[in-house]
2 protein chains.
Amino acid sequence: MADIPARTELKVTTGPIRGSRKIHVGPLGVAMREIDLEPSSGEPPIRVYDTSGPYTDPQARIDIMAGLPEIRRDWIRARGDVEEVAQREVRPEDNGQLGPDRSGGVQPFPNVRKQVLRAKPGANVSQMHYARRGIITPEMEYVAERENLGRAKMGTVALSRDGESFGASIPDYVTPEFVRDEVARGRAIIPNNINHPESEPMAIGRNFLVKINANIGNSAVASTVASEVDKMVWSIRWGADTVMDLSTGRNIHDTREWILRNAPVPIGTVPIYQALEKVGGVAEDLTWEIFRDTLIEQAEQGVDYFTIHAGVRLGYIPMAAKRVTGIVSRGGSIMAKWCLAHHKESFLYEHFDEITEIMKAYDIAYSLGDGLRPGSIADANDEAQFSELYTLGELTHRAWKQDVQVMIEGPGHVPMHKIKENMDKQLEVCGEAPFYTLGPLTTDIAPGYDHITSGIGAAMIGWYGTAMLCYVTPKEHLGLPDRDDVKVGVVTYKLAAHAADLAKGHPAAQVRDNALSKARFEFRWRDQFNLSLDPDTAEEYHDQTLPAEGAKTAHFCSMCGPKFCSMQISQEVRAFANKQNQGVEGFLATGPTGAETAAASKAAALKGMEEMSKVFKETGSELYMGSGGREHD
Amino acid sequence: MADIPARTELKVTTGPIRGSRKIHVGPLGVAMREIDLEPSSGEPPIRVYDTSGPYTDPQARIDIMAGLPEIRRDWIRARGDVEEVAQREVRPEDNGQLGPDRSGGVQPFPNVRKQVLRAKPGANVSQMHYARRGIITPEMEYVAERENLGRAKMGTVALSRDGESFGASIPDYVTPEFVRDEVARGRAIIPNNINHPESEPMAIGRNFLVKINANIGNSAVASTVASEVDKMVWSIRWGADTVMDLSTGRNIHDTREWILRNAPVPIGTVPIYQALEKVGGVAEDLTWEIFRDTLIEQAEQGVDYFTIHAGVRLGYIPMAAKRVTGIVSRGGSIMAKWCLAHHKESFLYEHFDEITEIMKAYDIAYSLGDGLRPGSIADANDEAQFSELYTLGELTHRAWKQDVQVMIEGPGHVPMHKIKENMDKQLEVCGEAPFYTLGPLTTDIAPGYDHITSGIGAAMIGWYGTAMLCYVTPKEHLGLPDRDDVKVGVVTYKLAAHAADLAKGHPAAQVRDNALSKARFEFRWRDQFNLSLDPDTAEEYHDQTLPAEGAKTAHFCSMCGPKFCSMQISQEVRAFANKQNQGVEGFLATGPTGAETAAASKAAALKGMEEMSKVFKETGSELYMGSGGREHD
């Protein structure tokens, strides 16, 4: 019972992120970060999206043993559609303690609720249900404020709508009405279980900022509860919008309770993992009843979204058996084994509408799992994968009939040229329900660097329309990520999501890039560090070669030194021209303009190509055939 | 003079890359690596492209003080078109020693040649010149063998031609004739100065494997010659196809000599850097004569390609002065300053044909520099950038008139949706001359992670047709990369280049992915490590949680533990079905097939969408409008 140490020893990282202040915006006090720039810049502070919760607020009192304040408590109760019920009693098997050996347990969370919330009989407490009845909830208002990054409606920041959004409908300004509409039509979800009132509302949908998820959780062979709580806090510090607790092995119930009570972001789980522990790891012994009981258990704790692998149907298993890497989803393989052993359709599929009944009583969102996602380049976009996707489309519409929120999980390992097909098919059959992808990894050959192989695919599929990107850490395929891996994974995915926002033309996305680039050009090193996704690392890297304080204002860095600094020379070019009292343009106003010069060059280039083509033709040479026409051998 | 230590202290990394053997293929002994798989796999060894030179060959005797063997010496001389001339004498200013203070110098390379090669009067020794006369050189034969990765013409490996190449013409099998044709038409270059006979020939072109470049070099404020030689050897160990020596400050000449004599890959430089040092860092004092002398100096040392910023024309400077980040190319900003100070067209542009005369006497390839590349998202694809590109197109054709090889440098900072336009315009105006890009970085906000922000752009532009990707390290924008940064940069770009090869449908690319994925599925951990781009890191990460030797054959890892291993369960699924003596498919042959199941699900999904749409229409709701049609506010 020693895993969670005494109060004074339990450590999570608190305090402001370097160079920024916590602010609370609007009547709901939506949390954001504000980065002050050096006075010399003459620019206002930059507001950025903030997932870190009270942990980065110096005003907040953090007590892991007590849990976070319940910011949504009153909103939930004010709707009058919930009732208090006694929480299902925790059983030894909930923590994987099946036999007489009860060693290795952890201290339960000290502040467990005796009473939990549930929808009143016949009620539906999902945000989608409210939205479809035209109700704007405080959660929707919170989301609207948050997505605008504190911009005023007719903000002073000029809107850049340069981008290619592939059919998304990103508004210039997000209103609560817009959030409601998106939730109503299923294009966005706000995952927040009524039993997780600690969570700050956020939206996942392709007309909002692209989100990222971080996976944490212990396994039977590694990690502890304390380190998982620490990883959760650490991952949201760097930008994780949601966190999945993928714990297996022992102490699943208690680990989750510690995480939920201290999490200001939505928490997702894969309930089949715990169900499997309850039957001693024997997939064939799983039953609907055990699974259902697990859903209730987790629903009462406050899990915000469930990964349910209901698309792994009996008939699809032969398709996957032929693959290079078979089934690589844990949940998918468990269900495949069950189906095959019983020679029966999946109980998740068969009982899907009953699961939905449970989801709507707590407002848990579906994350329909892609149990047949490809685990290698060779298996990408195959029959097994897309067959399952069609079933996920069917289930989306079944869930929507009960006004339950849905997102769809996606691959996996996919080479670049096959990524867009995934997005297009998902939009087609899942009615634009938010897509939530793992990477995808664009090659299999870089274990140790799979945050990068997958970051490439993630940025691309985010651009194409994926609403949330599930991170991959450097340890993927090799081991359980530690704290450092979690940070690298989160920052990598944060930059991929931001690259996607830029490419989609999100109206506020480029503000931060512009501010950072301007700081770079003006040698405001501190501003450059503070505006970056990871100010600590940026400053540390700079200081490895030029640690002196004076170097923070120097007009050069160790890369080029003072004489070769292009930024410095560029500034000299400007200054020189200004000295002529006419600007660069005026100074050069004799001779051809730049545009005339460029036009002449372009004409010469095209003429050159024509001539070369002619020479080859005249000499009868086979060497010059023009582009693209010929395959050799 | 103590920077290059005594023989016993000078350290570069030698010895085989873990889990692989050096092999030499074909009559020319083309160097490759072969990775043996565990006997249980029943599979032949995997051959991979190898840039590491003799350093990874246990048979080779490495002596940095003597330099590498001259493998091309006889090929070059056998053509009968070169003559020996006395090497230009080294002057103090070549090493930045202008004043009376000559301290800080380094020991010159001990084995400097007194005589160097040059084309006989009137001769042209460029590979393009030979190619256009129909000659197949040993260099072209070497390239052909190398690009096939040792595959036999009708190899046993089934060809996978799945991909989207955007008009590239990648053959199933590369013949020497194909190499000659590509070089003749300017679609590929083989950069190898006749004075760098140590280099192993390689090709840069979009119908060959995508290549990567690593930048090294000291600056006025950091690094030493010894560490730059070490970085060169280190970078090619991990896969750098070419290396650019971007040294500035002192000792430029001697640093380059050490690097060239020990480099089995082409070396590129930016001669204007050294020219600027010769005039004490005052851009205005640069002259054509000093620049020309620098070209000869470096040509005689053996530099294989020169970055020449001849596209920065006087008229373009006002376009760049308006930008958020002005001019971010060092060479570009130097030339801009010169042009503005003299109010004159660039001497690089004015003397371009004379430069070409020099290039063809040594077979140096142009790398036409993009001095006006964007340094921020805000400046991407602007008038300055594309104007310069048109001039680079014009110059390409001018160089080709003298049969001189050309590649074109590209950006920079570009958001994802603007990347393809760069490639398309480059192909149009530069006659398919190889494109060589720096990233591009897809966002500005992640200093410390710019190998990743740029790796995303690099993979994409490589897919679209870029022939060589210039790496970016984690230190970009912050400091001079150290050895670790060099490795991370190289591996990141190697995986990006490979992702591009896969997406383009390179016929041999997927062999390695498939082998690694199969090893993963079969729990051949050692094969998985050895097949990866960085076996050391892969094994280290695995061992951080499961260090025991037995874990290398365990059917699980620390991520999931034994019960939750999807790969293990997948294998059990196969085994179970096989026990029924009929395979999974046969076992399930009652009931609907998977295809029937999927078709029914798809139909249900599409019907669901239709119904939902109808409901919304009938209720007159504005909530459901279909996709893409509506902007809010």
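Residue numbering: from 1, along the chain as shown.
Placed from the backbone N, Cα and C atoms, the Cβ positions cover glycine too.
TrEMBL entries are annotated by machine, without manual review.
When the candidates B:E177, B:E182, B:E409 are compared with the substrate site entry in TrEMBL, which names B:N215, B:M244, B:Y273, B:H309, B:S329, B:R330, B:G331, B:D370, B:G371, B:L372, B:R373, B:Y436, the shared residue is B:E409. TrEMBL assigns the feature region 'Disordered' to residues B:86-109, out of the candidate ranges B:86-109, B:110-133. Spacing of B:S329 (substrate binding site) relative to B:C565 ([4Fe-4S] cluster binding site) is 50 Å (Cα to Cα, whole number). Listed binding-site residues: B:S329, B:Y436, B:C560. Those with a CB under 8 Å from a CB in chain A, in sequence order: B:S329, B:C560.
Cα spacing between B:C560 ([4Fe-4S] cluster binding site) and B:Y273 (substrate binding site): 53 Å, rounded to the nearest whole number. Neighbour counts of Cβ atoms within 10 Å were taken for the binding-site residues B:Y273, B:Y436; the minimum is at B:Y273. Other C-beta atoms found within 10 angstroms of the C-beta of B:C560 ([4Fe-4S] cluster binding site) number 22, with every protein chain shown included. Of all the binding-site residues in the list B:H413, B:H477, B:C557, B:C565, the shortest Cα-Cα distance to B:N215 (substrate binding site) is found for B:H477. Counted over every protein chain shown, other Cβ atoms within 10 Å are most numerous around B:S329 among the binding-site residues B:N215, B:S329. Averaged over the domain 'ThiC-associated' (B:19-83), the predicted model reaches a pLDDT of 96.
The highest number of surrounding Cβ atoms within 10 Å, among the binding-site residues B:C557, B:C565, is found at B:C557. B:H477 (Zn(2+) binding site) is surrounded by 24 other CB atoms, counting those within 10 A of its CB over all protein chains shown.
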